[in-house]
Amino acid sequence: MKKAAALFILLITASAANIALSLHSGANCETKTLSEPRTATGLGFDISFEVNKIVIEISRNNSNFSDISQQILSLHPEITGIILSSSIRLPILSLNIRERLKIFPNRTVETDIFWRTFDTTHNGWAAPFLDCHFLQGVWFYAYVLKSADIGLGLFIPIKLNQCDYGLADIFGGPHQCDEDTTKCIPQYEYGERKGGYRCICREGFFYPGANLSWNGFSGEDVEKGLLDSYRCVPCPPECDICGEGGLCEAKRDLYLRSIILSLQLVCMFITIILALIVFKQRKCKAIASGMWTILETVLLGIFFLHGTVVVHYFEPSVLQCLLERWARELGFIICYGAIILKLYRHLIEFRTRKAHRWVIKDTDLLKYLLIMFMSVFAYMAAYTAISVNFVQENYSLLSKGETLEGVHYESCKPLWWDYVTQVGELAILIFGIHLSYASRNARTQFHERRYLCAAISIELAVSGLFYMARIFILPDLHPNFVLIAHFIRTQFTATITLMLVFVPKFWYQQKQVRSLAQEYSCRIPVDAFKDMNAHGPLTSNNSDADVGEVSLADMNPEDIRAELKRLYVQLEIFKNKTIRLDNPHISKRRGGRKAPHRRFSLQKKGSRERNLYGNKHRIAKKEEETTEAEPSRTPEDSVCSNEGPSAVYNDLPSTYTSESKP
């Protein structure tokens, strides 16, 4: 019983406190209505469209106003209250009070201001009013629509903006900023209290007494008359815009920058399309021979390289400076790292004077590329951590520059990290050229090595010149010209690399309908198919007549069999000549014994002397033994083929036939 009494007393005390607080607040608040209607500004929806939807919903579901009100208030948080009425139902008022829906079917003293506004307005926007009961101290816009059968009223809270002349009556007058030289910036936290704004200089004006911490004239100081002058001074005639102290600041050409941004976005879109084409054509000879996975990574790197200009388009900031460097370094290592690995694979596959052939699979190259990527990622993470630490210690990553014309601008500050990174890029490119030079005698399909070397050489030349210009020339140029320089650099490197890597592949892919003779006519003489040592009527010069002149009906099976045998022999001769054409290390003898002095594998230093002079008793013992030597492996078996030795024919001049012992 005592607990119940204590709880009852506590509830009464809380209710009394709430009532007292409401009375105290109500004493300080007086319901107001402006004299003229005002159109709401800054709405996130079309009020006419939403009203028509609500009218249609009422026509369909005329019997349930509560559900319609709840649906409207939940879909549009900007709307706080709604009145619905019809010719067959009593009107209701729904209010969203502290995220809770309250419905008032009857007119009360607290809701009188809402009903009065609805009754006195026929159609359109009503005069704003102040509520002092449920939503104390909140001003509302009101929009009313009435017809013969349906009535609708929407109530939207006003975000008090002292810079809005339409709401000047709420604050007792407009703001006091000088319209000619300054512009008003609202401060919404002031509410109805006057002075909730700041006056900052317009473009082309500056305040002589400004310092680095000055952010405009305070509205409170302006309203209280504490400032002698709150006007700004025009910039010097030679300046479009100026900053502190009247210093001319660079004006960025929005039209030019938009054109460059559009071109870069087009290049990035083309890169995405090429990636899809490469994936779709990955089984074609031209794409498969170039390792389609590596080609996709090259396109990914080019995409990042184009993204550097997109990042440079925006105004300089700490985030912009960091993102630009990240995009550049990751794109560089992905693109040119993949190209260098392709050159490395060519060098390994075509190296000479090695007893065993190294086979590098695509997965191995991707592993190497992943290691390179993670190394650069760790390097950039360390760079970012140090840069953020500098910013937290009040060091700036931005610097003020000045052009030759005396125009000031803001840009990313060059750091020693940047110089180290640039030297690292050039070193990687030089290593790629070294690999290309080392494999200069290697023949690759579709002349791939030549185009890869050209891409790296162009990147080395253009980037070297650009980095020199960044140190000595670009600091004196206008930011618009600096953006153009970045754009040209990207087009001369990333775009040309894309063309050199992919255009030849698509070009050669369209020319794969050639016959076998046409395909190799540029590498061997035409008469390579002719057997000069063959005998017989079918292998003589007369047999080289046009096939169309000989009818199969005139040939017997023996002639056809002999002709096919001759073709097989010629194909084997052609195969051997083609293999030896660009591989001088391959012996012309097949399966035969090598000369005693020939050593195909490398030997350690001093091994030859030990074999000649070291163990004489072993040499004497070997002279007494008579064993048949095992034929050594041919270079073709150890270096040049994954498929083992080619087929050997006894009637070929380049083969070796062992004589049988009696």
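A Cβ is built for glycine as well, from the same backbone N, Cα and C atoms used for every other residue.
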Per TrEMBL, the range holding transmembrane segment, considering 125-145, 419-439: 419-439
Residues of the parent chain within Cβ reach of the transmembrane segment (365-386), under 8 Å, 6 or more residues beyond its termini: 291, 293-294, 297, 322, 325-326, 329-330, 333-334, 337-338, 341-342, 345, 417, 421
Residue numbers, six or more beyond the limits of the transmembrane segment (419-439), whose CB comes under 8 Å of its CB atoms: 325, 329, 332-333, 336-337, 339-340, 343-344, 346-347, 350, 379, 383, 449, 452-453, 456-457, 459-460, 463-464, 467
Interface present between the transmembrane segment (254-279) and the transmembrane segment (326-344) (three or more C-beta pairs under 8 A): no
Folded-back contacts onto the transmembrane segment (254-279), same chain, C-beta under 8 angstroms, at least six residues removed: 287, 292, 295-296, 299-300, 302-303, 306-307, 309-310, 313, 480, 483-484, 487, 490-491, 494-495, 498, 502
PLDDT averaged over every residue in the domain 'G-protein coupled receptors family 3 profile' (256-507): 91
Contact set, same chain, for the transmembrane segment (451-469): CB under 8 Å, 6 or more residues outside the stretch: 336, 339-340, 342-343, 422, 425-426, 429-430, 432-433, 436, 485, 489, 492-493, 496-497, 500-501, 504
